[in-house]
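*Asks:* My questions all concern the structure below.
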Amino acid sequence: MTSTSGQTYLKTRAAVMSGQLMDEQDFTAILATPLQQLEKQFGLSGISDRGLSPANLNRSIERGLINQLMNELTILLRPLNGPARETLIHWSRKFELYNLKALIRGKLNNLPYDLIRESLHILPSLISLPHEELLRTENVPELLRRLENTPYEAIARQARQVYEEKNESFSLDATIDLRYYTGLLKHAQGCDPADRSPLLKLIGSLIDRQNLPWLLRYRLNYQLSPTETYYLMIPSGRHIHTDLLKQLVNMQQLTGILEALPAPLDSQLSGAASIMEVELAMTEALNEQTRHCLHFCPSAVARTLAYMMLREMDLQRVFAILQGQVLALDETVIRQAADLDREDANV
Amino acid sequence: MFKPLAMKQVVIQLLADDLPRASLTLAELGVFSPSNREEFNEYFPDIPGEHYREIYHQACSRLQKIESHIPLGPVTTISPTRVISEQELSSTNQWLGEIWERCSSYEEHFRRLTDEEHMLNQLEQALDNFASLNIDLSLLQGERLFLDLHVGMLPSANVPKLREAIALADYLLFSYLENSNNTHVIIIGIKGARVKELRSVMDTAGFHALEIPPELHDKPERIRSDLQRRRETVARERTEHQQSMQACADEVRAQLEQARNQLILAEPYVAMGDAARNLGQLSIISGWIPERELQRVESALYKALSGPFQITADTPPRSRHREVPTCLPVNWLTSAFSSLVKQYGVPRYGEINPTLIFALSFIAMFGMMFGDVGHGAVIILAAWLGRKKLKSFTPFAICAGLSASLFGLLYGSLFGYEHLFHAVWIPPLSDPLYMLSMALFWGIGFMVIISLLYIHNRLVSGEISHALFDTNGVVSITLYLSVLAGTYQLYQSGSFGWLPAALSILTLLTLLAFKLIETQAPPGERMLVATIETFETLTGYISNTLSFLRVAAFSLNHVALAIAVFTLADMMDGTGHWLMVVGGNLFILILEGAIVTIQALRLEYYEGFSRFFSGDGTEFKPLKLSLQGVK
């Protein structure tokens, strides 16, 4: 993406759309808003009038919100071409990978067709797999054979090797995620020099946000060896580089790992006592960096990706609130799920 | 003939047990299109056959997958028809599952054989590579007391990561060959407690061990022959599996065809979807039936169903015409023309069925543009000889050929020769202006008919103001005809005439007033848009009429091309002359024939259809006994 007009258009588009991003006050306000009004606000009108069960209603709401996100991505993709476009499309593939994981897990556990289908997101054809064909497969090897005829061939081949050697979903999931983030980095590295550096910074922050909680879980919860943990880590984080990762995977205590982190992560994570707290603090840090990128980054592509990442985070929290309302949960629980309590505590 | 068939919205009340039989009977008749009526949802809340539907879909999917390995013969008529019970469908599905498991294991086996072949290729390359290494390869074989050593390959993308990861366990990775996204590596480390840890990470990285041939640096020819032997084994195994699969196919084909028939018979009940609803033992089926078929449906259900039933049929009110599916009557002669009409769109219920008008005007225009007795006869002959491939398009091609031959008689043309017999009417090139004026008259007539059809369609749908004042409405056609009459008078007597002038001005102002009322915009913009649209209505009529001049232009072009062919032929003698005549005629037939067909279609679609029908109707799709549409 080199044309000045394209950059200007995209920056303007991202700036206009960033008006939709929400702050903590907005979230507190929607917490007090009735469900039907919220549905209207998020383009889901009439969804609760269909007489769906709470579980189905939640799934429909989630699908609706992802659909909205995909529609916004489609608008932002229009002026883009080449590696920049591919980078953004690859970012959105995460939703299809959720579907793929659900399909694999469903097949591994012999779940019925309807149950697996209900858990799949409806996605634009740009990134969508032939779900019906994959759903009608009888087992994981057949599913992977079919997948080898799609753009996800590389993932399918690697997944097959892992499946044949290990035959469990954890390694499959980890391999799929690893492939996804490696692919995202590869696409960003192919962008114009002006876009490459800010994109790699942004994706690096995203990778740090993924890597650290994974590292803690693999080492402390799943008791994986340092070698295997390191292999499952994504290279090229923003603050957690390869050498540091090698050092961290050899540690066995949460406090030790957190103390070994460089600035600004050490201060951001000081006081975190559990993996969940680390994850929340990392999400907050990512949120800050992404907002900074959205407003000040010279690259329109990086701004666009930043907007999409922030919008996704917002819609996730909106979904937590809507889900809580559908299930008629206690407000305290909803606030916790939507990450509102921590804000109050900070205030 | 000129209108879609009159439809009735029917509700059949029957016993729940009779539902599958009723679905099958309706599918046999092929005149019922299921459609849910929301007003019944409250009283009949249950949708029957959910489990049946699930089994059916799974069985269909399995059959479809099996068919990609075992091709089946064409579907023949299923007689007698019978209801397929859920139990029978379930056992068929189970059997199909078993067959698919066999096919799937063959598929998986073929995939493994392909991988094996790939591996053999890699080994062969490794052999070449090892042969050039100046080391004792026996050191790389077998168990070592203190050394853990692995030779193998893995996807190139995973190499750097694996190298770094295993370094944490004090292992080293050396790559010595890279090809087609795979890298051959040697992994080496001290034997100890971390062997298991290494194995796990190697598996995750997709590491495949390669055998180190023990006699490698002694007798490479022997290794090569061993590889060749393994290659032959793979090929033999593939052939054996193909034969075994073929045998399996021959064994189960007849049963598979029976299973397919069962699925065909089961489909109507599945295809009912939410058009069939239950309340306890009482069921309803709602949908659409052409009025003329109602009696036949009733008597067929009476014969087929054991329990009582009641059928009620309502005529849809005009306000609900948008929901009514359009059923265009089709026979063997109009089938192809109907398909071409549907390429543009399906008329709404109540609108004029344009098939006959399309058929007649298309045939006439094709003949006018391609008039030649010989060329027409060749088209007829070719259509007859290729009737199996052309299928329902055979009558279309024959009619086009007949029309070309008829106009050939009128033009006095046979394979481009214009002196073999006298023209009944006129050879086109003898008076081009006359031909152009004839085409103009044809265009005017066509435009008038199209506008009348538009007026009819708007009146039928109750849009009276549009029928009167809109583009193509009464006012527009009056404007068009008055301008034409005035222009003709101007040409004949030098004056436009007061009546055409008064009519033109009056209709123009009426049209402008209507556009002003219709346009939703601020006053200035409204005036601008209305003026432009009024002007566009008039120019549109004129330009569309002039489009029909191409009918004459192509008739002249046809003759001109023939003259060119004969001029070239006359420059040669003997065989060359006749080869040129035959080749030239073939050229005219193929190239000009295609162009004329496209031009005639263009005139139909753009000057005709776009003016009088919206093409956004819903096609009537009745239940039928076939494995289509419901997947």
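In case you wondered, yes, glycine gets a Cβ from its N, Cα and C as well.
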*Asks:* In TrEMBL, which of B:22-49, B:106-133, B:190-217, B:274-301 is tagged coiled coil?
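*Replies:* Within the set B:22-49, B:106-133, B:190-217, B:274-301, TrEMBL attaches coiled coil to B:106-133.
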*Asks:* Using a Cβ distance cut-off of under 8 Å, indicate which of B:434-455, B:467-491, B:497-517, B:548-569 has the most pairs with the transmembrane segment (B:396-414).
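*Replies:* It is B:548-569, which has the most Cβ pairs under 8 Å.
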*Asks:* Which sequence-distant residues neighbour the transmembrane segment (B:548-569)? Criterion: at least 6 residues beyond either end, Cβ under 8 Å.
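*Replies:* Contacts with the transmembrane segment (B:548-569): 365, 368-372, 407, 411, 413, 415-418, 427-429, 432, 435-436, 438-440, 442-443, 446, 576-578, 580-581, 584-585, 587-588, 592, 595-596, 599, 603, 607.
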*Asks:* Against which stretches of its own chain does the transmembrane segment (B:434-455) lie, if we need a Cβ under 8 Å and a gap of at least six residues from its ends?
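*Replies:* Contacts of the transmembrane segment (B:434-455) (Cβ under 8 Å, skipping residues fewer than 6 from its ends): 352, 354, 357, 361, 365, 368, 426, 428, 467, 472-474, 476-477, 480-481, 484, 541, 544-553, 555-556, 603, 607-608, 611-613.
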